[in-house]
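First the structure, in the form of structure tokens, and then the observations on it.
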Amino acid sequence: MEKPYTDKKEKPFACDVCCKSFSLKSNLIRHLVTHTKEKPFTCDVCSKAFSIKANLTLHLRTHTEEKPFACEVCTKTFSLKSSLDRHLRTHTKEKPFACDVCSKRFSEKSDLKKHFRTHTKEKRFECNLCNKAFCEKWYLKTHLLMHTKEKPFACNLCNKAFPEESRLKTHLRTHTEKTFACDICSKAFPQQKNLKTHLLTHTKEKPFACDVCGKAFSVKSNLMMHLRTHTEEKPYTCDLCNKAFSRKSDFERHLRTHTKEKRFECDICTKRFSEKSYLKKHLRTHTKEKPFACDVCTKAFSQKSDLKAHLVTHTNEKPYSCGICNKTFSWQSCLKTHLRTHAEEKPFAYDNCSEAISLQQHFQGTFTDSCERATESMPHL
């Protein structure tokens, strides 16, 4: 049996291609395949090829569905030991991988690598069609859909196709049995954690409070997202236009503005939408459902925004104020309409100039460019 060199610094087996060194000759041989791209080990079931026999052995478990590694905490099983180790960190909350630049810690090495590229700005994934480069492989995959429009991941149950495997997996849950039911409203969920989150909508319990402003949340993840409004942290950056987001859901929603993907389809009229919330709103045009009821007069509305607009008829609240004449309005749309009445007026005059300007000129700041006598006494909204 091959014995490794015990001295950590001693790695006598060096790669002639990239000069990387190894303590074992077998490790060097295994590494060399990454340069030759040779894949001599082929799966008899699906013909997928691998450079290392160990990877083939692991792959075969995807066909046999063998899962020999069980979690002692929740009894969940895994086909790979590395997957079990990764899963265990969800229980221990351990984050063993730290960034050398900013000390931020991660539970996965892959997440650390991704994070590190935010410091180096390295973009090593390049599009073969337009040469645009990306820091993450999945950004490149998303970008390629703009060229190919390909949807390679199809559902075996309904033949619906998706551009990404993760979206297919999400879709498949719509076919699986929902085993966790709410005792209060009978709504069912595929996972127990989803049921626990849902139950808080009945109890109104908000156990997670913000240390900065005291605002409370029913779900810890919502608190974490809220904290970014104080720190102004925006960890999710679009590689296509460099726009940054504080929430992953907003980031993913934004990405679809580039791909033009509309993955939510109405079963009644086949109209498609980019967001699930848009589909839900649209479905009410078919069902005539009005789930948002006024507590004062019981009038019901199909949209939450319509209920909010209606409520001010009871409270007489007028939160929208005109900056010119201080007139107040219940709705923003009414304020916008009112502002047009000032558009043709010329209420803004200068101390050293007989000229007067309109509201539109005041907003645009165009008058000061043409009148040299204009002073700093120009009023501001």
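Every residue gets a Cβ built from N, Cα and C, even glycine.
Positions annotated as domain 'C2H2-type' by TrEMBL: 13-40, 41-68, 69-96, 97-124, 125-152, 153-180, 180-207, 208-235, 236-263, 264-291, 292-319, 320-347.
Listed as Cβ neighbours of the domain 'C2H2-type' (180-207) (distance under 8 Å, sequence separation of 6 or more from its ends, same chain) are residues 173, 216-219. As a whole-number mean, the pLDDT of the domain 'C2H2-type' (320-347) in this prediction is 80. With DSSP states grouped into helix (H, G, I), strand (E, B) and coil, the domain 'C2H2-type' (97-124) comes out at 12 helix, 4 strand, 12 coil. The list of residues near the domain 'C2H2-type' (236-263) in space but at least 6 beyond its ends in sequence, with Cβ under 8 angstroms from a Cβ of it, reads 118, 123, 134-136, 139, 142-143, 145-146, 162-163, 167, 225, 228-229, 272-275.
Sequence-distant contacts of the domain 'C2H2-type' (41-68) (same chain, at least 6 residues past either end, Cβ-Cβ under 8 Å): 30, 33-34, 77-80.
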